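Chemist: The structure is given below, and queries will be raised subsequently.
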Amino acid sequence: MASCGEVDHSVSSLPSSKKGSGDSACSGSSGSSPALPVPECAICLQSCVHPVQLPCRHVFCFLCVKGASWQSKRCALCRQEVPEDFLEHPTLLSPEELKTGGRGATGDNAWYYEGRNGWWQYDERTSRELEDAFSKGKKTAEMLIAGFLYVADLENMVQYRRNEHGRRRKIKRDVVDIPKKGVAGLRLDTEGGVQGSAAAGRGNSADGADTSAAAVQQAAAAPAATTVLSAPARPPTSLGGQPGSPTSPSLEDTLALLHISPTDAPERAEVGEGEEEATATPSMSSSPNTYADGSGDWSDDEGDGEAVEPREQRLRLGESLVDRSPPGAEASSSSSVRSRRPDGQCTEV
């Protein structure tokens, strides 16, 4: 390999005409900045289209970076993390080239794909491929966009992914200077410069199509609204098996439902084991289920505190309820009424 001295020596040995041309080229490069060579994209292995520079200073196509971001928010070369808002505010190496390509020459044709509330223009490379296939009379053309293979149906003027035919998007061929949203997912904002299509709060597909932020928020809020609406709204069940008020029933209301005077309130707390075991248990069995669901508002003195009273109160309560039975129902109730003896066994009265 030649050293630097040898290279300098070989250059100095050139004819004066050659040296003059070289000097003029150097002076021209110092006086005006020539067009930089288009860098190669390490993702698509082609020359970059709308090249963007990541914070790690690696350069890729904008759509290639967008397609890679669906897998991970990291650089494809050094694996350094890419900022979350990079696709919204990309660092373009040649923003003027994007604007020039978006305007084009009057009368030139360009290809567009349908977005939400407008049309997006394909990038220059894809437009050339579509125009070439269209001029040759081909029915379909394949395109590599953001790492995905798309098929353009030039007869029906739709595009779709090659492995997913269900989702179709309209395409069209029109003049280049029609109103449009942007080029290849990059918005042409005349006031604030060029922005990514996600800058307006949009979720973007791989090919640069957009979805409005309102639709995304509504879709995200729909499950929450459904969950709120689907909450059980049944009224709380009272101890007597009848619907109560939305608030916790008072002790007097509960006693009134059972036809017990307030003076017998201390004895009421133990209904369920003695006299009412055969009749009131079915209605009481639904109360624990209702309480477990959390749909009823139960006070502390009406739920779990029924099994802590002395046995004497249970006996007195059973006897008082037997005495208060209706006169006409003595014969029928005597066979079904039970009481608990001190030995813990239930016997018929």
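Using N, Cα and C of the backbone, Cβ positions are placed for all residues, glycine too.
Source: prediction; values computed, not measured.
The glycoprotein binding site annotation in Swiss-Prot covers Tyr113, Arg116, Trp120, Tyr150, Gln159, Arg169, Lys181. Summarising the annotation, Swiss-Prot assigns compositional bias 'Low complexity' to 10-21. The feature compositional bias 'Polar residues' is assigned by Swiss-Prot to 283-292. Positions annotated as compositional bias 'Acidic residues' by Swiss-Prot: 298-307. If you look up Swiss-Prot, you'll see 308-317 marked as compositional bias 'Basic and acidic residues'. As annotated by Swiss-Prot, domain 'WWE' applies to 97-173. Swiss-Prot lists 1-21, 226-251, 264-349 with the feature region 'Disordered'. Among the features that Swiss-Prot reports, zinc finger is placed at 41-79.
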Chemist: Just checking a number: largest C-alpha distance across Tyr113, Arg116, Trp120, Tyr150, Gln159, Arg169, Lys181 for the glycoprotein site, rounded to a whole Å.
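Modeler: So the binding residues stretch over 21 Å, Cα to Cα.
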Chemist: Tell me, roughly as an integer, the mean pLDDT over the domain 'WWE' (97-173).
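Modeler: Summing pLDDT over the domain 'WWE' (97-173) and dividing by its length gives 86.
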Chemist: Let me make sure I understand the structure: which of the binding-site residues listed (Arg116, Arg169, Lys181) has the fewest other Cβ atoms within 10 A of its Cβ?
Modeler: Arg116
Chemist: Let me spell it out: for each of the binding-site residues (Tyr113, Trp120, Tyr150), count the other Cβ atoms within 10 Å of that residue's Cβ, using every protein chain shown. Which one has the most?
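Modeler: That would be Trp120, with the highest Cβ count within 10 Å.
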Chemist: Does DSSP put Lys181 (glycoprotein binding site) in a helix, in a strand, or in coil?
Modeler: coil
Chemist: Can you count the other CB atoms that lie within 10 A of the CB of Gln159 (glycoprotein binding site)?
Modeler: 25
Chemist: Would you mind splitting the zinc finger (41-79) into helix, strand and coil residue counts from DSSP?
Modeler: 8 helix, 8 strand, 23 coil
Chemist: Please list the DSSP helix, strand and coil residue counts for the domain 'WWE' (97-173).
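Modeler: Split by secondary structure, the domain 'WWE' (97-173) comes out as 19 helix, 37 strand, 21 coil.
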